[in-house]
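Student: The structure follows.
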């Protein structure tokens, strides 16, 4: 739903609420997708939210709306609800979504809900909650098809019709041995084309990708993107099939991880998770800015060290911004390219030298261009060739060093298995600030014989 | 496949090639996924690539390998192949992938291939090529199931068994009227549970999402992510169903768009598309750095304007780096949060004032903290309260203004329908550099009465 339609719908719902036009509202509630309703709810009062919620007839849709609401809206919303009513809805939801919700709740409420739920369902949820955050185990669903490898095609078709008629997305028919270990995968089409008494193990494909319950969700996403599959089977440490991760969850992961990558690079990693509060955001951004502040203070001492030069040639100061700016910007370009390249798999840590060499070449080339340009400006303004040359060389040096550091640091962090996105930003910026200022003053002092 | 396994496999393939161990190589070729083979191909000679390629038995797999190879490797690879051999493989590939390949080829080769292909298939490809880049029409496949709304469930099941047995992913059964216009959607399960003589229009769901052939692919991706669907039907301007976009293409889009977003923000937007050449990269990065260079030169003239102050108090220069750095960094944080928020739909342009107000508050708060800190350093070093206060106020001002500009500029660009990711970077950086330097010298000159 685009902005305009969203706005029109929100307005008309508000109008209908004022007129208390229940039949009309009921029609809208049951026709509009839960993902859109969640956005509309954000701008309604709590009592209006409840009034509309009660109009939804499909209990599964109520569950989707639960999952789609943002954290704050959801917590306020269910604070007023009876535990039994909440549980009635949760029991219609996929267990991975219920686990997400349980995690958001205060502990006492979460416990109460789990106790009230049917035993089988609460156990499924508690099983999921036992796996670490951001692992395959945490986001998998138990809603998969597992056929025995010694069964025939005919037996398999029968069990599909009996046991598995409720499975939402029967893309892949996983095949397991007598211990439940994953041994292969088949498809509806294969079941139909072979002769009915062929055992599955004779025609199943044994090239089946799987992940472990403790595999990082980012790895799962990479697998799905790389091999264009719709679901990944998840096995435990005994290779027993325990769940699948479906592509819709993978899409969410890919979006989240990209956002996290971007925000981490500027030191605002968790901001979208814990939004809204100014103080939380301040706390999140503080450390990154501290690194940069430290760099600035070191630059200050370096400049202080060259105070004698500066007092003789005051206009040395005038070129500090452009030299720092050019170094900082090309350094950010290099590190961004490397960080994103590593996280999408387009670059590999083993290619470190070719990547760094390429970035250094670009840095030197752009340094030559901008160094000459800025040198010409300096010459036109002060007509002092030695000074203009100093400025030029300082720009070339700082841009080359920046491209070198900007590409090498994330590569090294990647090789040390430290997240390049987190570590590169403050490190690269601070380092480049210091190097740029130092080179500039050192070169100028030498060339101008100050 | 992880780094280590990839390395081991590549090494053993190279060893087997030296020993010319054809049976062994053939086994590896037919067992390894095409996505992994494409990576291995990158490090092999052209003749070795062809030798291995000929060992692949499954012609569909050859097609996947075509799609997975990076542009350069692919162009060299097929330069040696006979047109008939290329066409034989293309005819087994989905038409959207063939269109991608045709677009990469030199025009004469592309024409020759299209002429050699079977008429039906080349027409499908040429249809796709007629749609603009990055539109739904360009990435859709004609591989969908369309059932007539006036047919019964029984008739529908029969046509699934006859006409549509080859459709790869039969998740959604689209329903059309007598003119082929999309009117609803149904599922295998629904077909089975209703009584066999019920017409589809009586039980199909009419709440079906669709996009137009000219819809931007990013919009398609948002729809899929928002509503957790596995395919989106694509209709023409008459609402006639002409194709579907499947979730595996959507995953690629989401990854590409996120990467583009990140790179655009630092002025390196197209780098992963046209990689490898240092000159191309230099050209791509040049304009963004030019904006920042211009900002630096303006800052230079501003400082020149305050030369008198500077000659009296040379250590004014020493704080330029830290004041610029703090402003620049918080400005980047603000603009990154806003740009990413807008592109993921977590922020909306209509919320401009609440977003800008929040960022300004964060900027002022962090400005107060770091302004005091840096002021204390200045006081300890020079014991000149008026100077220390100037430095503090300059830090507070530059950080507040930076957060304000950093959040407001992308919001305004978003409202004007200009891509915030492209426009904000250079604009924000340049602006903040200038403002920070100006405020600093102006405040210091006033307070120190220079």
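Note: Cβ is positioned from N, Cα and C throughout, glycine not excepted.
Just so it is clear, the model here is predicted, and its values are computed rather than measured.
Taken from TrEMBL, the feature domain 'CBS' covers B:140-202, B:204-260. Positions annotated as transmembrane segment by TrEMBL: B:286-306, B:318-339, B:360-380, B:386-409, B:421-443.
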Student: Among B:286-306, B:318-339, B:386-409, B:421-443, point out the range having the most Cβ pairs under 8 angstroms from the transmembrane segment (B:360-380).
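Tutor: Ranked by Cβ pairs under 8 Å, first place goes to B:386-409.
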Student: Give the residue counts of the domain 'CBS' (B:204-260) per reduced DSSP state, in the order helix, strand, coil.
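Tutor: Once the DSSP states are binned, the domain 'CBS' (B:204-260) shows 25 helix, 16 strand, 16 coil.
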Student: Are there residues at least 6 beyond the ends of the transmembrane segment (B:286-306) whose Cβ is under 8 Å from a Cβ of it, and what are they?
Tutor: 266-268, 316, 320, 425-427, 429-431, 433-434, 437-438, 441-442, 445
Student: Please indicate, using numbers and ranges, the residues of the same chain that are 6 or more beyond the transmembrane segment (B:421-443) and have a C-beta under 8 Å from a C-beta there.
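Tutor: Sequence-remote neighbours of the transmembrane segment (B:421-443) are 260-261, 264-267, 269, 287-288, 291-292, 294-296, 298-299, 302-303, 305-306, 309-310, 316, 319-320, 323-324, 327-328, 331-332, 335, 338-339, 343, 390-391, 393-394, 397-398, 401-402, 405-406, 409-410, 413.
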Student: For the domain 'CBS' (B:204-260), would you mind checking the mean pLDDT of the predicted model?
Tutor: 88
Student: DSSP helix, strand and coil counts for the domain 'CBS' (B:140-202)?
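Tutor: Split by secondary structure, the domain 'CBS' (B:140-202) comes out as 19 helix, 16 strand, 28 coil.
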